[in-house]
Every structure is written in structure tokens, then in C-alpha cells.
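Colleague: One structure follows; several queries about it will come next.
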Amino acid sequence: MLPQAAQLLNKIIKLDFQPDIVTYGAIFKGLCRIGDNASALTLLTKMHSAAHCKPNLVIYNTIIDSLCKDSLLQQAMDLFSAIKTDGIQPDVVTYNTLIRGFYNSGCREEAKGVLTEMLKSNITPDVTTFSILVDMFCKDGNVKEAQATLQLMTRKGVTPNIFTYNALLDGYCLRGQMEDAEKLLDIMTQNGCEPNVVMALLEDMEDKGIRPDIVTYNILMDSLCEAGQLEDAAKFFSDLVLKGLQPSLKTYNILVKGFCKKGLMNEADDVLRKMEKDGCLSEDIFLVMTFPRHYTTAIL
């Protein structure tokens, strides 16, 4: 389909019609999607020779991204240089693409070199830039530098995303820093990170053979209860018991409070009976059992 589209474009040009930037952009996007970098570069040369329409930054970024994905980094850098020669200012997407390309190919120093040039060019790093750096530092075992990067992005008003958090969590878990991992999960929930996102991270940890402890489960269950996802919280409670973890007093308190806030007193009572059976009752829980209506009103 795409070779036919390129042939059609050639015919259009020969017939002295003038395709616009949108037409060119669609062809480049299609060629790069199937990894036909050679045809994309050939078409780019032809576009340069056409007087009516010159390539824009979006087209350059599309080709650079395709070259980086195929580890054709020298060609990507050559095209990067051509952009500047043409008087076009690379943007944050251009730099992020190159940084990621070098990083994914194991060329850490080259990735840092592109970052340095980015900063010298007064291009402000975005969440993608910072996330790549956090991941790079963590995989290099330099978790402190990753932490510093996270703090820097926060100071600059850039909000971390799921990829940023996931990279740092991986770094903590790989080094056995579970307390730091749990603190980060807590920060995520406090910053309004969706519970489903935190659940996905927990599953990712387990897929990597990292066994979450009761503190991790407490953080997640508290987040789910605050979001009103009590059914999910209850499932996680059952899950942790099946995995041989011992619920703590805080675990029970989280569930009881969550159920009471929703007026689900039967469910709260079930948790209380299990607590009583396990010999795990606090003064607060005793009050719930003795004065359920008063306690429910108080926490609402």
C-alpha cells in the first residue's frame, strides 16, 4: 500500500501538481511505521529539491524516531544536524527521541551528551526527559541520582507520571530498598495517583519476583478505600492472607474505616469478627464494636 502511495506521489509531482505538507507528512508517517527508512530518506531528499514544500520539524522528528527505533543512531544524528543547518530549531520531542534512542542502545554517555546540548539550547526537559533519566540512573544502580532527578523535576513544576514512578520503584526493589519503595507508593497515593495505577505497579513488582510486604498492601488498600473501591480493597485483603502475610492492626483499621464510611456495617462487622478471632483489637476497634452508630457518625 505504501510503496503504491509513494509511486502516486511521484506521479503527482511529475504532473506538476503540488502536494502540501499534510500529504507529505502522511506518506512519511506510513513509511516510518513499516520501518522503510530508506524510502523515507529518499523521499526527504526529493522534498528538499521541490521548491514548493519543505520538510518541517514534525517530518524530521518522525524520521529520527524511526531511525532510532532501528538503532540507526548515526543516521539519526546526521539528520539532527541537517535540521539545524536548515535553520529549524529542534524541540523537546527531537531531543527526547535521541536521548531514548541512545539510552535504549546502551549508549549512556551519548544520551547524556544530547541532554547537555538540549539544556544549552534552552530547551526545557519535560516529564518524558526526566523519566528516561530516572530509568537510566536506576538501571545503572545509581538510585541516589534518580532520587535527585525526581526532586529536580518536582522543583521545576514537572509532575512525575507512571513511567517515572515505575522506573524508581524498579530501582528501589532491585536494590532491596523496600522501605523506600513503600514510601514512594505512599507519595504516589498522596499526590492523587489513581489506585488502579498503583495496583498495576504492584502486579509488575510481583511479576518481577518481588514480594510486597504488609506495608505495601496497607498503602494500596488505604488508597482504594479512599477512592471508594472497597470491593478491590477487600480482594487485596483476601489476597494477602492467601499469600501467607499477617494483617497488621493498621490493615484491619483501614478496612473497618472504609466500610463504616460507606455505611456497610455488615462488612465492617465481618472484619471485626476476624480481628477478634485473630486477637487483634485496638481501642478504636473496640469502640466500633460497642458503639457502631456513634463511631460511624464521627468518622463521616
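Yeah, the Cβs are placed from backbone N, Cα and C, and that goes for glycine too.
Annotations in TrEMBL come from automatic prediction, not curation.
As annotated in TrEMBL:
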REPEAT    56-90  repeat 'PPR'
REPEAT    91-125  repeat 'PPR'
REPEAT    126-160  repeat 'PPR'
REPEAT    161-195  repeat 'PPR'
REPEAT    213-247  repeat 'PPR'
REPEAT    248-282  repeat 'PPR'
Colleague: In the repeat 'PPR' (126-160), how many residues does DSSP put in helix, strand and coil?
Modeller: 26 helix, 0 strand, 9 coil
Colleague: Where else in the chain does the repeat 'PPR' (91-125) make close Cβ contacts, counting only residues six or more beyond its ends and a cut-off under 8 Å?
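Modeller: Residues 57, 60-61, 64-65, 67-69, 71, 73, 76-77, 80, 83, 132-133, 135-136, 140, 153, 156, 158.
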Colleague: With Cβ-Cβ distances below 8 Å as the criterion, list the same-chain residues six or more beyond the ends of the repeat 'PPR' (161-195) that contact it, or say none.
Modeller: 127, 130-131, 134-135, 137-139, 141, 143, 146-147, 150, 153, 201, 204-205, 208, 210, 213, 215-216, 219-220, 222-224, 226-227, 229, 232
Colleague: When the repeat 'PPR' (56-90) is classified with DSSP, how many of its residues are helical, how many are strand and how many are coil?
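Modeller: Residue counts in helix, strand and coil order: 26 helix, 0 strand, 9 coil.
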